[in-house]
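S.K.: Pasting a structure here, questions to come.
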Amino acid sequence: MIKNDLYLRALKGEIVERPPVWMMRQAGRFLPEFRELRGQYDFFTRCQTPELAAEITMMPIRRYPLDAAILFSDILVIPQAMGMDFEMREGAGPWLETPIRTLEQVQNIEVPNVDDTLGYVFDAIELTLIKLNNDIPLIGFAGSPWTILCYCVEGQGSKTFDKAKTFCFQNPEAAHLLLQKITDTTIAYLKRKVEKGVSAVQVFDSWGGMLSPQDYQEFSWHYINQIVEALSEISPVVVFGKGCWFALEEMTLSKASALGVDWTITPENARRLTGGNITLQGNFDPSRLLSPPETIKKMVTEMINRFGKDKYIANLGHGILPNIPLENAEAFIRAVVDWREN
Ligand code: CP3
């Protein structure tokens, strides 16, 4: 049904002519046409207006020969649907006036009906699918429960997420209750996204690497795996854990179709830890897109050769940076599209 299904074939582990390519956080930030919209609508208005979200999703697709689109949205729409009033502050990022710090606050949070609270996302999917015209697959996403807890407890971004950790370590009962409520909401949300027509879902565990391997099991993986179990029945699931190389062996045993890795691990080690059988996605250092286009091309070719063309999705090791020149992003994508077996 989808004309270019390279991404979906790579997720299934099929033999492909070249790896598919997309870039994490491709819909936004570094694109001048995205920044232009900033003056007109605030961030969450862009997320909540299906026509805008669909149009932003298409921005990188119109510019580059990408093999997948990712729906423009944010991981924080989940805590918003659960009643937490996140704003996006210019220059400062996410902001929650009253962060979650007590068991009582968590007990008062309800698992919402996703159709009532997140209908705008499902409408955005519908509009985006029309615009995509079955050319390439659309990826849906959510944050991991741990990564979302980080913002709910901290109330904003952080270098260490020490308040989130304090909450988990001093008040594990409250932490687990919150993580479970986020998990239940996320499962309902992602299932609905799949029903609406996204071809795969990705879970972003951006702050999983802040935890020790043991704490990662308890506070992050335990919940991600519930999402993987529930969603894998109806869709391929990709788990991206930034800094989570220590959990790759465990992740490989799950029903995830693919694992995202960041640039701090070599392709050889990532293959070794995952047994060589699961599809991997990554792992170009996002700041390496600041190199000259010729260097980017060489490094991308080497990255593909080291991961191998099959069971591989070329991507960055984390989201694209806002200061990446358009032609450098293009060099990255072209290097994958033009890659040939030699
Ligand atoms: O390709 C895409 O951009 C798709 C949509 C997308 C956004 N956020 C839009 C966005 C995705 C997949 C995300 C995920 C997300 N959001 C994560 C996980 C991935 C990651 O990068 O680690 C996290 C941690 C967030 C929370 C968040 N949203 C932060 C910390 C910030 C501020 C810093 C930043 O990224 O600029 C945002 C804002 C945000 N989300 C922007 C975009 C395009 C920038 C807002 C703007 O430029 O006005």
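Using the three backbone atoms N, Cα and C, a Cβ is placed for every residue, glycine included.
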S.K.: In TrEMBL, R25, Q26, A27, G28, R29, F44, D74, Y151, H318 are given as binding substrate, so which of S206, S212, S254, S257 is in that site too?
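M.R.: Site partner of R25, Q26, A27, G28, R29, F44, D74, Y151, H318 for substrate, according to TrEMBL: S206.
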S.K.: Which value in Å gives the longest Cα to Cα span across the substrate site residues R25, Q26, A27, G28, R29, F44, D74, Y151, S206, H318 as recorded?
M.R.: 22
S.K.: Suppose you look only at the domain 'Uroporphyrinogen decarboxylase (URO-D)' (20-29); what would the mean pLDDT be?
M.R.: 96
S.K.: Non-local Cβ contacts of A27 (substrate binding site) (under 8 Å, 6 or more apart, same chain)?
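M.R.: Sequence-distant Cβ neighbours: F34, I56, T57, M59, P60, A69, I70, L71, F72.
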S.K.: At a 10 A cut-off on CB-CB distances, which of the binding-site residues R25, R29 has the highest count?
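M.R.: The residue with the densest Cβ neighbourhood is R25.
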S.K.: Of the residues in the domain 'Uroporphyrinogen decarboxylase (URO-D)' (139-155), how many are helix, strand and coil by DSSP?
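M.R.: The breakdown for the domain 'Uroporphyrinogen decarboxylase (URO-D)' (139-155) reads 10 helix, 5 strand, 2 coil.
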